[in-house]
């Protein structure tokens, strides 16, 4: 029986080649998209699960609260005493490990020198919490001061084929570390990838951090702290004891508040970090569960469009098969047997599609890896949790797509079909219309989302940030520069392509995470209830970034008192309570432990990405004695950036011959902040094109079929005097009506979805109304061209031919 | 074999009500060859559809082998049909996508006959209608007469007790038509009951009895064998 079903299915496939092609092609593309996106999703969901104890590992995070109780800052990192104290106070904690990221640090071995961005101080417990594999050496060497472990790639980079063991690498041209082992790099689906581990014990050295600091510094929250807890441990109960824990150990705030009132600790499951954690400090940029949802919906949309094609074309074609169905019924086929026959046809076509999709998947995988920025491979699909659903897909899709046509056809009355009285009833046409509307609605939604994402991205790239981000070269600060900075700056300014040079603790495009207590100073010192972020900047910060002043002036050497001067931005001035920027000038102000005078108010500018609102900001001047610097920024002339870079490099080489030279451009750094959105846009654009293409292929098949059905009517109309134009209009009108209905359905859905999406941006476009018109018109045009070309062909036929063919 | 009494069938559209069968009664005995004649629209085809369990009557009784089947549901009708009734149509009604062999095999598949047995029986019956040599051809590759012989083969392959033929020679020239009529006569002589609707007096002469219909009723019954 099945053999007979498959046989006739195959012959039908071959007989209606065009329709079969549309079905096969659509389903293949649909399944390929689904498989590609499934691979991506599987990868995203697999983060950190490679750890043997993944479900028992938690990260300790810390939030800070304003006096109103709002969380103003939530960090993935905590203060250094917290980890060891937690282990001490909570005996259930099986293991605890702490890591400190170094940011960008210059590292050197003989003549090999690089700026490393994944250097971490880590303790020997790291491998007791996380699953790690040593290639040579022992993880225990992390207990010894000034020892280092390297990944294989890093060992190769610095030592080539020589044995790296016991060699000395030099950090920041200050401290030597002895290589004590090689470990296998963390897999791509880990939420962090330290590739050089320095022993945490080294931090006890006061040149690096200091033992006392490690035990008492509750304000430096930059230590990643992980706990290994027992199976099914009541984490919530543990968290409930954290306020008491903080109050027992942490010092009170400067205003005398209990520590638990201004800050909270949390336990975050390791496996949830990658997709759901977007804290103010993360080891790396994480993924986003929303992106996973969005991509899943898109994949299902495309598959749905392909299924609708199948349903539409099969029911449309069913009139041609009416006779066959009638005969089968007459010779004894039951309804069930006919259902099975048609379902086996759709399942067969789905199987063929799946096979083709697997080939396309193989070809498409490297490309998806690239645009999604992840490391994907087909190997991820080779486990039963994935293979079983994949192998079931043809049955599910086959039944989904085939059931309606099968039910529709199996219900044919044999008497009518055999007498040639059969016509697809008006009911079937209306359902088919619903399906076409659904297809076009999906396409229109995808077009709108693509256009809105594009508009928002363009807006972010073009929006004036309130300062000049162009032609600014930035270089990581290197401790080795030390107090030679002024000399180096003067040499740089000698170069004709260089306009200005500054250094700061943070530069625009980075996050603003540092703050201290602020107070106005009048008759008495009155604390300001405000998260006022600070940046330590030199006197050239404002001109280098082209920041404009709303009132007052920049720091200047002409004023002897400027070492205790402050500059705030407009937001800060306003929130502190000064009605106009001018009112702020000359006010006495206390920030941290310094009392000084406000000398200037900057116009607001976007220091951080446009996802973030402009924060109140204060610039603290530096005379260069303290060096909390992070980067040097150099404003160059627009003439030739290559020349400028060469000149900067030569000055660098002169002062720091042994230090690596790395640079990037400020506008590129800003651009990178929107990398995730750009990827999203690429994927949206691509998939909406695919969706529209498949939908229009379906429309092509359907309209071709409809026109064949009406060929006699067209002939009669022509004989009666209709011209080609009126016939094309008549045939296209029906489909255009469907597109119009689809637009009405799609608009509110797309509006709602994109409204939600835009909420993630503090600075966003208004919903662009014209995007809706473009999407509607575009869908209409696609439909018009698809249907119109065929309609014109039919209309230009000699009517005699079509009438004779009856 | 067949006994119908006071059978009624009315077709309704929004405006018109057409009485196709008007209290029709007659009987067909086992082994009979009956021809049904009458002008277009007299209800012949409706009658054949009801006899073939493709359609159900609005009123009246239909005894098939002594069982009342007038109000059988579709599944039961299909079951009864595939074991007992073979059809021959004016327009052959072969499935274009299947070969001669596969077309004839189809009823056996639906009655669940095993493949080896199917092959044997299909070959036997193809032999009988002398179309064995074209077993692997598709219907479009055959002449009208050959297609109708295949259709007859398909009708009899399940060894039905009753064959219903709807103008079996209507699309054939006279020599091909005669061949088909001879086939039906042979089958009848081997014991199969045949009810045939026809316009052709010539074909009707092959039957034992002619039922003439007008406006959904029988008007006369001639007994050919007595002529």
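The backbone N, Cα and C atoms fix where each Cβ goes, glycine too.
Remember, TrEMBL labels are computer predictions, not curated facts.
The domain 'MacB-like periplasmic core' annotation in TrEMBL covers A:20-238 (among others).
In the predicted model, the domain 'ABC3 transporter permease C-terminal' (A:297-412) shows an average pLDDT of 84. Marked as domain 'ABC3 transporter permease C-terminal' by TrEMBL: A:297-412 (among others).
Summarising the annotation, TrEMBL assigns domain 'MacB-like periplasmic core' to A:441-650 (among others).
According to TrEMBL, the feature domain 'ABC3 transporter permease C-terminal' maps to A:686-795 (among others).
TrEMBL lists A:21-42 (among others) with the feature transmembrane segment.
Per TrEMBL, transmembrane segment is recorded for A:292-313 (among others). If you look at the transmembrane segment (A:292-313), the same-chain residues 6 or more away from its ends with a CB under 8 A from one of its CBs are 19, 22-23, 26-27, 29-31, 33-34, 36-38, 40-41, 44-45, 275, 346, 349, 397, 400-402, 404-405, 432, 435-436, 438-439, 442-443, 445-446, 680, 683-684, 687, 690-691, 694-695, 697-698, 701-702, 705.
For A:338-364 (among others), the entry in TrEMBL reads transmembrane segment. Long-range Cβ contacts of the transmembrane segment (A:338-364) within its own chain (Cβ-Cβ under 8 Å, at least 6 residues beyond either end) map to 1-2, 5-6, 8-10, 12-13, 20, 23-24, 27-32, 34-36, 39, 310, 314, 325, 328-329, 378, 390, 393-395, 397-399, 401-403, 405-407, 409-410.
Marked as transmembrane segment by TrEMBL: A:384-412 (among others).
Distant neighbours of the transmembrane segment (A:433-454): 298, 301, 304-305, 308-309, 311-312, 677, 680-681, 684-685, 687-688, 691-692, 695, 698-699, 702, 735, 738-739, 741-743, 745-747, 749-751, 753-754, 757-758, 765, 767-768, 771-772, 774-776, 778-779, 782-783; these residues of the same chain sit at least 6 beyond its ends, with a Cβ under 8 Å from one of its Cβ atoms. Taken from TrEMBL, the feature transmembrane segment covers A:433-454 (among others).
Positions annotated as transmembrane segment by TrEMBL: A:683-708 (among others).
Within its own chain, the transmembrane segment (A:735-755) has Cβ neighbours under 8 Å at 433, 436-445, 448-449, 452, 699, 703, 767, 772, 775-776, 779-780, 783-784, 786-787, counting only residues six or more beyond its boundaries. What TrEMBL records for A:735-755 (among others) is transmembrane segment.
Marked as transmembrane segment by TrEMBL: A:767-789 (among others).
Between the transmembrane segment (A:21-42) and the transmembrane segment (A:767-789) there are fewer than 3 Cβ pairs closer than 8 Å, counting only residues 6 or more apart in sequence, so the two stretches are not in contact. For the transmembrane segment (A:683-708), the list of distant contacts is 18-19, 22, 25-26, 29-30, 33, 295, 298-299, 301-302, 305-306, 308-309, 312-313, 316-317, 371-372, 432, 436, 439-440, 442-443, 446-447, 449-450, 453-454, 714, 731, 734-735, 779, 782-783, 786-787, 790-791, 794: same-chain residues at least six beyond its ends, Cβ to Cβ under 8 Å.
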